[in-house]
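Asks: Mind having a look at this structure? Questions to follow.
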Amino acid sequence: MDNVLTNKAGSQLPRSLEKYEADNYSFKTKFLAFIGAHEFYSPELWKAAFTELVATALIVFTLTTTIISCLDSHAVEPKLLVQLAVFIIAFLFLMVTIPLSGGHTSPAFTFIAALRGLVTLARAAIYVLAQCVGSIIGFIILKNVMDHKTMQNHSLGGCTIDGNGETSALSPEIALTLEFVCTCLVLFLGVTLGFDKKRCKELDITMVCVVLAGSMALAVFVSITVTGRAGYAGVGLNPARCLAPALLQGGRLWDGHWVFWFGPFFACIVYYCFSLNLPN
């Protein structure tokens, strides 16, 4: 009798263990497939991520130095020069990087691409990491070549919402609103077209890049003119670009820094919900 009980118990234990292992393996397999873990073994992912790193480093260096030069110029309307500079630089980098990696160069654009299912979560994570590292490298180079006085006057070209005086400060609420609205503007005008394969083929990559760069320039121009506050550096649109100078320079660059992350990401979520109801 004891032998029978022992045999029954012994036969049930392996089956339960096998079922647990099978369920665990099934969940693990589904999870890895969901995040696209297979891409970690793809050389193409790492080449694209390296492209994002280099492109982000170059674009933050070029864009920041150009904008500072425009603001320090003796032009009657330097803010118009900023808008033109953003358009030209964004257009050139988009033309080069879109065929190579998708031309994200910003965690916000990578996030919306992941929401729309255009990139896997694994690729998105690697892209964001590459963009942040690239931004840090770009600003390290900028910090080493920039004049100390200019660096202090412009806070290393970082994203700021408050100036040196109370009259030039911008409240986090207003800065968040601008970040949200301007990101939505870029997403609606530029990304809607960029994600439409049919329209992209009809217009070709040049016109797509013109629209994308134009939407970015428009967002920057609106943000730096609507407030009239000298302490506000304008809409960020790129959390990685705002993170690097805050890490390297610190100080008031951390004041309201969360705005430059929360605003674009929240805008991406809202735009994603909106895009689900767009006509095909």
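Glycine is no exception: its Cβ is also placed from the backbone N, Cα and C atoms.
As annotated by TrEMBL, transmembrane segment applies to 48-68, 80-100, 121-142, 174-195, 207-226, 258-278.
Mind running through what each feature is packed against?
Replies: Proximity of distant same-chain residues to the transmembrane segment (48-68), defined by a Cβ-Cβ separation under 8 Å and at least 6 residues beyond the stretch ends, is recorded for 82, 85-86, 89-90, 93, 96-97, 100-106, 123, 126-127, 129-131, 133-135, 137-139, 141-142, 146, 150, 154, 156-157, 238, 240-241, 244.
Counting only same-chain residues 6+ beyond the ends of the transmembrane segment (121-142), those with a CB under 8 A from a CB of the stretch are 34-37, 39-40, 45-46, 48-50, 52-61, 64-65, 101, 104-107, 110-111, 113-114, 156-157, 238, 240-241, 243-245, 247-248.
Same-chain neighbours of the transmembrane segment (207-226): 79-80, 82-84, 86-88, 90-91, 94-95, 98, 178, 182-183, 185-186, 189-191, 193-194, 200, 232-235, 237, counting only residues six or more beyond its ends whose CB sits under 8 Å from a CB of the stretch.
With a cut-off of 8 Å between Cβ atoms, the residues of this chain six or more beyond the transmembrane segment (258-278) that come close are 106-108, 111-112, 115-116, 159, 161, 172, 175-176, 178-181, 183-184, 187-188, 191-192, 195, 236-239, 242.
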Asks: May I ask for the residues of the chain that lie six or more residues beyond the transmembrane segment (80-100) and have a Cβ under 8 Å from a Cβ within it?
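Replies: For the transmembrane segment (80-100), the sequence-distant neighbours (Cβ-Cβ under 8 Å, at least 6 residues beyond its ends) are 48, 51-52, 55, 58-59, 62-63, 66-67, 70-71, 73, 205-206, 208-210, 212-214, 216-218, 220-221, 224, 234.
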